[in-house]
Amino acid sequence: MASMDKNISIESQTKFNKYACACAIVASMISIIFGYDTGVMSGAMIFIKEDLKINDVQVEVLAGIGVGFALMIAPVYSAEISSPTSRGTLTSLPELCISFGILLGYVSNFGFGKLTLKLGWRMMLGIAALPSIALALCILKMPESPRWLVMQGRLEDAKNILLQVSNSKEEAYLRLNDIKLAAGFDEKCDQNVVVELPSNSRGQGVWKELFLRPRPAVRWILIAAIGIHFFEHATGIEAVVLYSPRIFKKAGVTSKDKLLLATVGVGLTKTIFILTATFLLDRVGRRRLLLTSVTGMILALSMLGFSLTMVEHSTEKLMWGIILSIASVYTYVAFFSIGLGPITWVYSSEIFPLKLRAQGASVGVAVNRVMNATVSMSFISIYKAITIGGAFFMFAGISILAWLFFFFFLPETKGVPLEDMEMLFSKKKNGSRTAELEIQQKISSV
């Protein structure tokens, strides 16, 4: 009988839940609009600068404010409604939607760029308002996160939603019990009433617990979350995505149509490789993909820095330099998109303890948005100061630091239940592999 229960549990946890997937997709759709804004700005800036006669500093501040704010509740929501075996795939959907939005922005640039100067860039930016109404209606139909409901003492509501996003009653009750224990409830607490929360579970002192008196595991988790968000943008992705037409122009591509068409290739590459990553995250694991991703980024950024430096200092047109520059940009985007891009949101949304998850994730998002805006608003000034090739050599150096940080500070989280994350980070760094093995044994014994 125990063996049968075990088999049912394993089968139900590995099966993909369509309702949870649909909820994650709707939550992630706002990221398409954010990605569109990011992508469309890369081409719109060419026409805005010409139409409004603004200088490079003003371009940096339009670009920075235009894409420097957004919303990343989607990864946390997706992580909380999904089971451990599908969490990587569902939590990476926002990054996939961002990439798809960027691709749509690039295509919009290419299409509307053929209109008149005054109308073209206004159409590029204005069309993003249309899907927002439909998205708002879809969001109204989404259920609350079951973990949030438990934190509010609404156990019955949480149970009903878990029954929808789980593949069996056994899986739903197992997940509910884990959430209750993590929130400070008795496992046998009655689910048919709205219960009074334990005094330590309503969020009092969360910021103190994060920053002033963090437990060793929480301190490590916070460092990991801040670090991965910092390095996502410090390694140069915003410079490549937002200023790719300018990079290609520096490499020797001069026609506006060819610039925008080459930029569409960047968006297509990003979307394809992030889509690939969504299928690999729960199979290969976060850590292996992340380290492979950053290794490829280091090589691609070094090649890009070298080729742009050669083109810039050459007195004649270097066709091999142009080809190497474009290939390096595509290679960099591919390696970023298969690892660091999606894993940043997956990892930071799944590692915080239940009580600290919302605030902890918000800290990571704040760092992410600040770095996004900083790179957007400083890249032109940086490459004018140290040359465009030097700027990408700088990003390659930062990527080396990122690889070292990820190697020493980020343990593997594939398949680990959210309620067991603190245990994973509670071991000393040199014993993190032991913690991973202990948790995997616990999962397999369920």
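One-based numbering along the chain as shown.
Glycine is treated like the rest: Cβ placed from N, Cα and C.
Automatic, uncurated: that is what TrEMBL annotation is.
Within the model, the domain 'Major facilitator superfamily (MFS) profile' (1-414) carries an average pLDDT of 79. Residues annotated as domain 'Major facilitator superfamily (MFS) profile' in TrEMBL: 1-414.
Per TrEMBL, transmembrane segment is recorded for 21-47 (among others).
Marked as transmembrane segment by TrEMBL: 59-77 (among others).
Same-chain neighbours of the transmembrane segment (89-107): 20-21, 24-25, 27-43, 72, 74-75, 78-79, 81-82, 124, 241, 260, 263-264, 266-268, 270-271, 274-275, 277-279, 281-282, 337, 341-346, 349-350, counting only residues six or more beyond its ends whose CB sits under 8 Å from a CB of the stretch. Residues or ranges marked as transmembrane segment by TrEMBL: 89-107 (among others).
Per TrEMBL, transmembrane segment is recorded for 119-140 (among others).
Feature annotation from TrEMBL assigns transmembrane segment to 220-244 (among others).
TrEMBL lists 259-281 (among others) with the feature transmembrane segment.
TrEMBL lists 288-306 (among others) with the feature transmembrane segment. Under 8 Å from some Cβ of the transmembrane segment (288-306) lie the Cβ atoms of residues 235-236, 277, 280-281, 324-325, 327-329, 331-332, 334-336, 338-340, 343, 347, 389-393, 395-396, 399-400, 402-403, 406-407, 410, 412, all in the same chain and six or more residues away from its ends.
Under the heading transmembrane segment, TrEMBL lists 318-347 (among others).
Summarising the annotation, TrEMBL assigns transmembrane segment to 386-410 (among others).
Residues 72, 75, 79, 87-88, 91-92, 94-96, 99, 224-225, 228-229, 231-232, 235-237, 240-241, 244, 247-248, 251-253, 262, 265-266, 269-274, 276-278, 280-281, 286, 289-297, 299-301, 303-304, 306-308, 310-311, 368, 402, 410, 413 of the same chain lie 6+ residues outside the transmembrane segment (318-347) yet bring a C-beta within less than 8 angstroms of a C-beta in it. Sequence-distant contacts of the transmembrane segment (220-244) (same chain, six or more residues past either end, CB-CB distance under 8 Å): 38-39, 41-42, 63, 67, 102, 210-211, 214, 262-263, 266, 270, 294, 297, 301, 329, 332-333, 336, 340-341, 343-344, 347-348, 351-353, 360-361, 363-365, 367-368, 371-372, 374-376, 379-380, 391-392, 395, 398-399, 401-402, 405-406, 409-410, 421-422, 425, 429.
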